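Q: Dropping a structure here in structure tokens format, bear with me for questions.
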Amino acid sequence: MAANDRPDRSDRGADERLRATLAAIAPGTQMRDALERILRGNTGALIVLGYDKTVESICSGGFNLDVELSAPLMRELAKMDGAIILDEKATRIIKANVHLQPDPSIPTNESGTRHRSAERTARQTGFPVISVSQSMRIIALYVDGRRHVLDEPSAILSRANQALATLERYKLRLDEVSGTLSALEIEDLVTVRDAAVVAQRLEMVRRIADEIQGYVVELGTDGRLLSLQLDELLAGVEPERDLIVRDYLPAAAGKRGRSVDDVLRDLDALTPEELLDLGTVARVIGCGGTENLDNPVSPRGYRLLAKIPRLPCAVIERLVEHFGTLQKLLAASVDDLQAVEGVGESRARSVREGLSRLAESSILERYV
């Protein structure tokens, strides 16, 4: 695949800045109330979210205010037809009735005067710029060369609910394949395919959840219930991504060894088409390609040890380092477990009983 087809890290940064700006103007904020008032009053507006020497250099006229932002005041200032300059947090009004003179050589795809000025100002200064169109009755946000039109909360909520239904189906399938993998790990019957399927499903769940999180940000106070539902569905998913890689990533070989973070970044960088290919997923997690999918592989035991209540991460690391594989852990007696640093008799019994319970429940879930 061509390098320019892959997600760029600069795009990731742009997404984060757009999301942060959307949070500052989401429903429930003074800024969003101000924008709604301007729109309802059939008035246009040009608002810059930030002020520095670059912004100052393209400002002409207007007057200084430096007062706390309020929706009624913003509505009145918008009637003057000049641009309004706010601080970066969108909590204070710095200047009003300003004539912006951005570099006319900066390319823009907009046709309206206000929108052209907004896009050029955003590109030249690096600050987000909001344009409220009087004729089209839309609110457009310009951030890092992107244009984002604010939708009605009802439309966003409709899309979010569809995405949430998809996430529920994805999570159900993830639970199924994860349970199957646990049973296969206990029986020492895992193949590369089994591990790759779980890694694939975890990444698919993470991606749809990230999309929903964007809707939560854009909905502001209207997205509280959606946020609670998302948190409930995602409980334990992020740690599971880390654990599946720790279990199956081959041991580092000198300087060429890849870290868990490297693998997670590579999974994140896969295109949707690549993510559907189990061979590609297997290659990313270090288990070879399509030709190796049916090869047997043994986990280290991170996933199952993490399911034992009140077992610290440091102890899990020492147990895995000492025994090396899950099968050796399962075969270990209480005395064997006590030989590990930081594991006393009480904890050794807890680990032994926990592994036995997990083995029993995993087998029952698979065959009963």
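Every residue gets a Cβ built from N, Cα and C, even glycine.
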Q: Among G82, G126, which residue does Swiss-Prot annotate as binding ATP at the site that also has L100, T113, R114, H115, R116, S117?
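A: So, going by the record in Swiss-Prot, that would be G82.
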Q: Who are the chain neighbours of the compositional bias 'Basic and acidic residues' (112-121) in space, where the CB to CB distance is under 8 Å and they lie at least 6 residues beyond its ends?
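A: Here the qualifying positions are 44, 46, 48, 55, 58, 83, 100, 102-104, 106, 127, 129-131, 133, 135, 140, 142, 147.
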Q: Neighbourhood of the ATP site (G82, L100, T113, R114, H115, R116, S117): other residues with Cβ within 8 Å of the Cβ centroid, in order?
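A: In sequence order, the nearby non-listed residues are L46, A83, G112, A118, T121, S131.
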Q: For the binding-site residues T113, S117, work out the Cβ neighbour count at 10 Å and name the residue with the minimum.
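A: Least crowded of the binding-site residues T113, S117, by Cβ count within 10 Å, is T113.
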Q: Under a three-state reading of DSSP, tell me whether S117 (ATP binding site) is helix, strand or coil.
A: helix
Q: Rank the binding-site residues R114, H115, R116 by how many other Cβ atoms lie within 10 Å of each Cβ and give me the one with the fewest.
A: R116
Q: Provide the three-state DSSP residue tally for the domain 'DAC' (15-153): helix first, then strand, then coil.
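A: Grouping H, G, I as helix and E, B as strand yields 48 helix, 39 strand, 52 coil.
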Q: In Å, how long is the longest CA to CA span across G82, L100, T113, R114, H115, R116, S117, which the record gives as the ATP binders?
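A: In whole numbers, the farthest two Cα atoms are 14 Å apart.
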